[in-house]
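Listed in Swiss-Prot for this protein:
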- Arg170, Arg195, Asp222, Pro223, Met224, Leu225, Ala226, Thr227, Gly228, Gly229, Ser230, Asp291: 5-phospho-alpha-D-ribose 1-diphosphate binding site (BINDING)
- Ile285, Gly290, Asp291, Ala292: uracil binding site (BINDING)
- 1-86: region 'Unknown' (REGION)
- 87-303: region 'UPRTase' (REGION)
Amino acid sequence: MHIIMKTILATLCLILCASCCSKGACETRIKHTFSEKKFQKYSPVPKHPLSEQTHLYAKSCSIELEQTQLPTSTLTRYVSSTPTDSLSSKPLAAVYVLSHPLIQHKASLLRNKNTKSKIFRECLKEISLGVCYEATRDLALKNISIQTPLMQAECPHLTGTKIVVIPVLRAGLGMVDGFLALVPNAKVGLIGMSRNHETFQPSSYCCKLPEDIADCHVFIVDPMLATGGSASATIQLVKEHGAKNITLLNVLAVPEGIERIQKDHPDVTIYVASLDEKLNESAYILPGLGDAGDRLCGTSNPS
């Protein structure tokens, strides 16, 4: 019992520390539209309980991001190669960008090519905890009666929503411990995706999912959202097994990957720690952090 109490208190301290350090930071909710060629200023979306919202501007398939606390280059303007009339007409899912100073600091440590695997793993775990914290803030609660050491009290308690975290192998494994630190009772699935380095097309080589996944809130974790091909294929595979409530958690993403997920799966919400500029000719994120799987496992030069 003492061990459990210590674990809970340690987790709460981490959350309180993160909340205190987020003063003055900002979060952005992104929505795409692909209609007018003129810039259109959107009214702030309903306030998400983290901090102040920013304004979003969209131009056809291009988007520009303005933030009060961060440089405007957080998300660069881009033009999609996808024809406007072929994009989904359904409402596009929200994308939440975390701009917490501690997360941004640790993301910079991940980017540094001189960061060793041990520190890389620790930072990835800590960032994942922060992203999980934001992604789970809408979980349903109900009041239950409990006996404290002093009195009987009605206290909020999770309603019993089943949660599954699914890492995309192998880099996604580095995000699991951070997620489980906050949601220790979550089930863990596994999906392995490999990418053809010439065509950049994904293929699945492993799929181990809970039998009751249709009744679960599924959180897919993968550090990198580059072309979006692997993430889209993973989401599709999970849906084929019956999952309906899916959230995607990433550390780094680029506009191309976000657009791909919003086009293929407009019902999936994305939480990302940091937005990068673009992809290079090899479909690697720039400035990025290199190959997250290699750096996590120490299997190659991080450059």
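Residue positions begin at 1 at the first shown residue.
Backbone N, Cα and C define each Cβ position, glycine as well.
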Q) Using Cα coordinates, what distance in whole Å links Asp222 (5-phospho-alpha-D-ribose 1-diphosphate binding site) and Asp291 (uracil binding site)? A) 12
**Q.** Neighbours of Ile285, Gly290, Asp291, Ala292 excl. site residues, C-beta within 8 Å of centre, uracil
**A.** Ala171, Pro223, Met224, Tyr284, Gly288, Leu289, Gly293, Asp294, Arg295
Q: Work out how many Å separate Ala226 (5-phospho-alpha-D-ribose 1-diphosphate binding site) and Ile285 (uracil binding site) at their Cα atoms, rounded off.
A: 6
Q.
Between the two most separated Cα atoms in Arg170, Arg195, Asp222, Pro223, Met224, Leu225, Ala226, Thr227, Gly228, Gly229, Ser230, Asp291, the residues recorded as binding 5-phospho-alpha-D-ribose 1-diphosphate, what distance in Å do you get?
A. 17
Q | Between Met224 (5-phospho-alpha-D-ribose 1-diphosphate binding site) and Asp291 (uracil binding site), the C-alpha gap once rounded to whole angstrom | A | 9
**Q.** Which of Asp222, Asp291, the listed binding-site residues, has fewest other Cβ atoms within 10 Å
**A.** Asp291
Q: Compare the Cα of Ile285 (uracil binding site) against each of the binding-site residues Arg170, Gly228, Ser230 and report the nearest.
A: Gly228
Q | Distance from Ser230 (5-phospho-alpha-D-ribose 1-diphosphate binding site) back to Ala292 (uracil binding site), taken between C-alpha atoms, in Å | A | 14
Q) Where Gly290 (uracil binding site) and Ser230 (5-phospho-alpha-D-ribose 1-diphosphate binding site) are concerned, what is their Cα separation in Å, rounded? A) 17
Q) So which of the binding-site residues is most packed in, judged by how many other Cβ atoms lie within 10 Å of its Cβ, out of Gly228, Gly290? A) Gly228
Q. Which one, from the binding-site residues Arg170, Met224, Ala226, Ala292, has the smallest tally of other C-beta atoms lying within 10 Å of its C-beta?
A. Arg170
Q) Just the number: how many Å between the Cα atoms of Ser230 (5-phospho-alpha-D-ribose 1-diphosphate binding site) and Asp291 (uracil binding site)? A) 14
